[in-house]
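> Copied straight from TrEMBL:
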DOMAIN    2-349  domain 'Isopropylmalate dehydrogenase-like'
BINDING   71-84, 282-294  NAD(+) binding site
BINDING   Arg91, Arg101, Arg129, Asp218  substrate binding site
SITE      Tyr136  site 'Important for catalysis'
SITE      Lys185  site 'Important for catalysis'
BINDING   Asp218, Asp242, Asp246  Mg(2+) binding site
Amino acid sequence: MRVALLPGDGIGPEVVAEARRVLDAVTGGALAFDEALIGGAAIDATGTALPDDTTDACRRADAVLLGAVGGPKWDDPLSPVRPEQGLLAIRRALGLFANLRPVAPFPALADASPLKPERLAGVDLLVVRELTGGIYFGVKGTYGQPGRERARDVCSYTTEEIERIVRVGAEMARARRGRLTSVDKANVLETSRLWRRVATRVVAAEFPDVSLEHVLVDACAMHLVTNPARFDVIVTENMFGDILTDEAAVLAGSIGVLPSASLGAPNGVGQTRMGLYEPIHGSAPDLAGRGVANPVGTILSAALLLRHSLGLEREARLVERAVAEALADGARTADLGGSLSTREMTDAVMGRLEVRTAAAVAV
Ligand SMILES: NC(=O)c1ccc[n+]([C@@H]2O[C@H](COP(=O)([O-])OP(=O)(O)OC[C@H]3O[C@@H](n4cnc5c(N)ncnc54)[C@H](O)[C@@H]3O)[C@@H](O)[C@H]2O)c1
Ligand SMILES: CC(C)[C@H](C(=O)O)[C@@H](O)C(=O)O
Ligand SMILES: [Mg+2]
């Protein structure tokens with residue numbers, strides 16, 4: 001099995017290198033890795049944020065593990081080439097329309113969250129974010145005379161785009177606690193009114209066992225910090241999902257611990273899917289090059305990769321348990337109030353992994 005690694009920029013290469021060590025350990029070296037350029041690193045080397053070689057390497061692979069893209073070096077708002085274009089382009093090129101962002105805070109990290117511990121009790125939610133449509137991909141441009149320009153970004157969704165992401169959300173809810181929250185801004189936006197109608201129809205017709213509620217995005221932002229345990233699966237459009245998941249990171253104690261899986265259509269073979277896996281955080285320019293970033297979000301993304309694209313559920317669980325145990329034993333990087341380096345944090349996880357892997361083999 002082949003995994004394409006796209007380390008990207010800033011702390012991306014640091015956290016991807018650590019997740020690769022974990023993947024190697026848990027699979028006993030069974031995976032082949034191909035490294036390729038994306039983002040600012042690709043702009044510097046080739047002039048474009050997503051070189052064709054990178055897309056080809058991803059297409060040859062069973063799954064992709066990505067670090068992060070972007071940074072101050074490429075932030076000029078007048079530049080026609082931007083690192084983030086590479087990320088959007090690879091999501092689109094691989095048809096990765098469903099972005100799963102689980103938020104199940106580790107009990108050991110309750111003290112790292114600014115929320116009261118009682119607010120965090122029972123929180124286990126999954127945000128299913130639409131990833132290849134909406135305002136990110138609509139017509140955009142800046143028009144008019146210098147000094148008097150107008151800019152626009154068009155938000156557009158088709159019925160089919162909404163149907164397929166709602167189905168993913170409802171399937172996930174069915175496999176969990178059966179509750180789906182569709183988040184929109186239907187009191188203002190046409191796209192949201194279509195979204196709401198389609199979600200209602202799809203769930204009623206195909207998922208009678210799933211309960212559906214509609215919540216407006218502004219209210220959802222509030223509920224996420226006042227009563228997050230009320231949510232099971234949240235399905236929402238591209239930009240709302242981006243914003244709400246950074247907010248939800250507060251529940252987990254740090255944005256450095258949250259993983260994500262971006263999936264395309266099932267490939268039929270044991271229902272695994274081509275997928276791209278990445279932490280939800282960015283390139284953290286303030287931490288880059290210092291070896292202090294938290295690798296847990298990327299390591300947990302690697303676990304999702306094992307589960308969803310390689311069909312290695314046992315190995316995925318081994319990694320997730322090793323992370324939980326390392327955190328329960330007090331392993332902490334600086335974002336969680338500790339002093340471990342990126343590598344030491346990974347070593348703490350790998351120490352638990354060895355014990356667990358040996359036990360699993362013995363059974
Ligand atoms: N998927 C991606 O590649 C992705 C996601 C978000 C932002 N970005 C890009 O990253 C750059 C920086 O964006 P930003 O500063 O708004 O967001 P960011 O997520 O990079 O950083 C936000 C804050 O979280 C901290 N943080 C992030 N990851 C961490 C980790 N693993 N361990 C410890 N602390 C961590 C940072 O130090 C910073 O204080 C921008 O260019 C942005 O476009 C990329
Ligand atoms: C960097 C940016 C394009 C990206 C997004 O908005 O999708 C990021 O914020 C994310 O959450 O993956
Ligand atoms: Mg984001």
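Using N, Cα and C of the backbone, Cβ positions are placed for all residues, glycine too.
Whatever TrEMBL says is automated annotation, not expert-curated.
Tell me about the surroundings of these features in the structure.
With a 10 A radius on its CB, Ser79 (NAD(+) binding site) counts 10 other CB atoms from all the protein chains.
In the three-state DSSP assignment, the secondary structure recorded for Arg129 (substrate binding site) is strand. Arg129 (substrate binding site) counts 28 other C-beta atoms within 10 Å of its own C-beta, drawing on all protein chains shown.
In the three-state DSSP reading, Tyr136 (site 'Important for catalysis') counts as helix. Listed in sequence order, the residues of the same chain lying 6 or more apart from Tyr136 (site 'Important for catalysis') and placing their CB within less than 8 Å of its CB are Leu88, Asn238, Met239.
Sequence-distant contacts of Lys185 (site 'Important for catalysis'), defined by Cβ-Cβ distance under 8 angstroms and a gap of at least six in the same chain, are Ser192, Leu216, Val217, Asp218, Phe240.
A simple way to gauge crowding: the CB of Asp218 (substrate binding site) has 12 other CB atoms within 10 angstroms, across all the protein chains here.
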> In angstrom units, rounded to an integer, how far apart are the Cα atoms of Ala284 (NAD(+) binding site) and Asp246 (Mg(2+) binding site)?
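Given the Cα positions, Ala284 (NAD(+) binding site) is 14 Å from Asp246 (Mg(2+) binding site).
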> Between C-alpha atoms, which of these binding-site residues comes nearest to Arg101 (substrate binding site): Asp75, Ser79, Pro83, Asp242, Val292?
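That would be Asp242, the closest of Asp75, Ser79, Pro83, Asp242, Val292 to Arg101 (substrate binding site).
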> Based on Cβ atoms within 10 Å, give me the single least packed residue among the binding-site residues Gly71, Pro83.
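With the binding-site residues Gly71, Pro83, fewest surrounding Cβ atoms within 10 Å: Gly71.
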> Please identify, among the binding-site residues Arg91, Arg129, Asp242, Asp246, the one with the smallest Cα-Cα distance to Pro83 (NAD(+) binding site).
Arg91
